[in-house]
Structure formats: structure tokens, C-alpha cells
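Everything on this sheet refers to the single structure shown next.
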């Protein structure tokens with residue numbers, strides 16, 4: 001993180017005020033506090049501890065190193081807020097089982113207000129009636145197994161189209177394919193089709209979608225940058241906007257919202273026309289479904305129906321277009337670097353499905369090794385290595401330590417899922433470990449929670465797994481892979497809160513099936 005001079009000046013100006021607020025909250029607890037990492041300053045805490053020190057690894061890796069030194073439960077301060085980091089089975093279980101309701105709130109972040117529809121997006125909303133109603137609507141009506149089943153042919157058709165596009169890029173035995181870019185295009189096009197019924201293809205889509213893609217990338221950057229208000233939540237840092245973040249967020253939000261507003265208006269007009277004619281119309285997409293289920297008074301909490309729909313659409317795009325593509329990208333890179341596992345997966349598909357047709361979703365249940373691969377990739381590279389931060393609404397106890405109200409929780413899932421006490425050879429890619437190990441994704445096995453656990457677990461898990469299994473199955477079945485240099489792909493991870501590879505997956509591919517199948 002880089003801290004501008006003007007930000008530091010503003011920080012120093014209000015040091016004494018913050019110090020007063022900080023010390024006023026301090027009360028001696030009945031139980032011991034967790035270990036706190038050294039090096040913190042009065043008031044600002046450990047803000048500079050994670051500054052640009054030449055270590056460009058993901059934050060989860062850095063916090064994992066601190067866990068090795070200070071234990072699986074420790075704290076530090078980012079300005080005023082106290083941050084609790086947990087990475088052991090016992091501590092994770094305490095947080096998401098014993099104290100699940102207590103830790104169900106979300107901390108306030110500036111991007112949630114200016115980019116997240118004033119925290120109307122489900123993953124940003126505080127635990128309460130709005131969150132419960134919205135989550136129920138999404139799980140039962142939008143992302144339920146029965147609803148996703150109706151979109152099965154959409155997923156298959158989109159993946160097939162993308163596979164054919166990939167096939168057309170093959171030029172002899174020396175053409176290099178950027179698989180990372182291909183996966184991003186596939187997942188973005190798929191979720192846009194399912195949400196808004198639009199057919200998007202890079203370079204051929206409408207101008208609105210292209211503008212949204214740029215704004216979406218800006219959102220990802222802005223949501224991960226250090227913002228003074230997040231560490232010192234007083235109105236001054238919104239009004240003065242030392243770092244220029246508020247201005248940038250407002251500009252980016254305007255571009256994002258204009259696209260969603262246009263999609264929404266198109267669907268409202270279509271719905272009105274259908275009601276006039278008295279027919280059901282064409283197949284419903286996600287916006288159609290939400291419009292039919294949500295009245296203007298349905299959710300309340302100060303949000304309009306249109307705001308909630310747009311916030312819900314944004315949440316779905318965020319999870320599906322970025323997170324799913326990121327995970328499949330890591331999975332394919334691991335398989336390309338582990339050709340024995342790739343060949344074993346290909347042999348399983350050849351045996352169970354054959355080479356005369358493509359894998360379908362109904363085949364996945366029989367592809368045991370493929371399922372193990374997906375689980376192993378999620379173990380090594382969880383979509384949210386620290387999950388989305390939680391915040392406790394009252395004092396509680398975690399692993400015998402007193403945790404005061406208002407503490408922000410970082411659950412280091414990446415560290416947990418590579419714990420040598422829980423996993424043999426934890427850093428090794430070994431899908432076989434899940435063949436004999438009966439473990440699922442639902443968050444009740446506290447050594448393995450790639451989609452989180454408890455009330456705030458990811459509602460898009462079923463969709464993500466469907467797309468990941470089917471996409472990887474097609475890529476495994478359809479092609480052989482090698483790197484341009486015949487050396488393993490670089491798996492180096494970039495800085496930030498996600499596990500994003502620094503270098504894209506660039507490979508040379510050759511088809512495995514008959515030409516007429518592509």
C-alpha cells in the first residue's frame with residue numbers, strides 16, 4: 001500500500017482526536033486479549049506495517065507468515081479498527097459456529113457506500129432484516145438448484161461456443177493461446193447472458209457492456225486500495241477527499257449504474273408488454289425473475305426496488321465474472337504443470353463419456369477424479385483467501401481470548417487449508433487426497449471452507465461449482481496442453497487480497513477430438 005503525502009498530513013492533523021477516541025474504548029477484559037503483532041504506532045496502529053516493503057505477495061501469505069510467528073490467533077490495528085486474524089481449525093470453528101451470529105456483521109468501507117449502492121449489495125449489507133430477505137430471495141429464486149437447472153442449456157451452449165472459438169485460434173503447432181483472457185471472456189459473457197439475456201462477445205458486444213467492463217476493472221482496483229476513511233471513519237475524509245478516492249468512486253459508479261439501469265428499464269418495458277399481450281413471453285433471465293418476485297415495498301430498509309435489483313445484479317456479476325474465472329485459471333495452470341493429473345482426468349472422461357460427444361452437466365457426478373481436482377484447486381487457491389471481513393456486534397471469546405465488540409475478522413482460509421496439522425504435504429497439488437476423504441463445500445468441515453461458513457457463506461456456491469466443473473471438463477476433454485518453452489507455468493501470485501496469478505496462462509494447445517465436434 002502506498003500512502004500519499006497529503007493523506008499523511010491529514011492523518012497527523014487529527015492524531016490527538018483519534019488517540020482520544022482510541023484510548024476511551026480501552027477497558028480491561030476479564031479474559032486475556034490475543035497476541036498483538038509488534039511495531040504498531042499510537043493511533044495509526046500498524047498502517048505502515050503492510051506498506052510497500054518489497055514483499056509483493058498476497059496479504060493472506062503475509063498474514064500466514066505472522067501466524068507462524070505469533071500463533072493462529074493474533075491481532076493488529078489498521079488505524080482505529082482492531083483486526084483479528086484466525087487460521088486454525090479451532091478458531092475458525094469458534095468464529096463461524098459458536099459465534100456465528102455475533103460475527104455476521106460487515107465492517108463499513110467507503111467503497112460500499114459509493115460503489116456498492118450504499119451497501120445494498122448482499123455481501124456488503126449488515127446482518128439484519130434487509131440482508132435476510134435479500135439472501136432468501138437470491139437463494140430461493142435466483143440461485144436455487146431448480147432455477148439453475150433451467151439455465152443448464154445456456155451454460156452448455158456458451159461454453160461450447162467459447163470452445164469453438166478457442167479451436168479456431170489454433171494455427172499449427174506453434175500458436176500461443178492466452179487462456180486467462182479466454183476464461184475471462186467466457187465467464188463474463190455467460191453471466192451477462194444469464195442475468196440480462198444479452199449475447200456478449202468481445203469486440204462484438206454493445207458499447208454499454210464494453211464500458212461496463214472497463215468500469216468493472218476500475219471497481220476492482222478502487223475496492224482494494226487503502227482509503228483513509230476505512231481506518232479513520234470520520235466525515236472529514238469524505239468531504240476533503242485527500243486521496244481522490246471519493247471522486248474516482250463516484251465516476252466509476254456512474255458508468256456501472258448506467259449499464260444496470262439500462263438493462264433494468266429494458267426488462268421493465270418487456271414485462272409491461274408481456275402483461276399487455278397476456279402471454280408469458282420468452283425464457284426468463286435473472287432480472288426477469290427478480291422483477292416478478294420483488295414488489296416496491298418488498299425489502300424496505302430505505303432502498304428502492306430498482307436499487308436492490310441493480311445491487312443484486314452487480315453482486316452476481318462480481319462473483320461469477322471474476323471469482324469463477326480466477327479459480328478455473330489457477331486450476332488449469334496446476335493441471336498443465338502436473339501432466340500426470342491432466343492425463344488421468346482425460347482418461348476418466350474418455351472412459352465415462354467417450355470421445356464422440358462433449359461432457360454434459362449430467363456426467364459430472366460420475367467424474368470422480370474431476371470433482372477431486374476442483375476440490376484440490378479450491379483448497380490451494382480459495383476464491384477469497386481471507387473471506388470478506390466480518391465484524392462482531394458484541395464482545396465474544398475466540399480460542400479463549402477476549403474479542404471486543406467492533407473487531408474486524410480476517411479468516412485466513414488459505415493458511416487454514418495449507419495447515420500441515422490438517423493436510424499432508426499441504427503445498428502439493430494432489431487431487432487423490434479427496435478421493436478417500438469425505439468432505440464437501442458446505443462449510444461444516446472447518447478445515448475446508450473455500451466458500452466460507454455459517455450465515456455469511458457464499459450464496460453463489462452452486463452456480464460457481466457448476467460452471468467450474470463443466471468448463472474444466474471441456475478444456476480437459478478437448479485439448480492437450482504444453483507451454484511455449486516446455487517449462488512449467490509460473491505460479492507466482494500478485495499482491496492484494498485475492499490470489500491472482502501475476503502472469504497469464506499462455507499455452508500451446510492441440511485438439512483431442514474429431515474436428516466436427518468443435
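Placed from the backbone N, Cα and C atoms, the Cβ positions cover glycine too.
Around the Cβ of residue 458 (heme binding site), a 10 Å sphere holds 24 further Cβ atoms from the protein chains shown. Marked as heme binding site by Swiss-Prot on the basis of similarity to another entry: 458.
Positions annotated as ubiquitin cross-link by Swiss-Prot, on the basis of similarity to another entry: 254. Other Cβ atoms within 10 Å of the Cβ of residue 254 (ubiquitin cross-link) number 10 in total over all chains.
Among the features that Swiss-Prot reports, transmembrane segment is placed at 2-22.
Under the DSSP three-state reduction, residue 458 (heme binding site) is assigned to coil, being neither helix nor strand. The CA atom of residue 254 (ubiquitin cross-link) is located 27 Å away from the CA atom of residue 458 (heme binding site).
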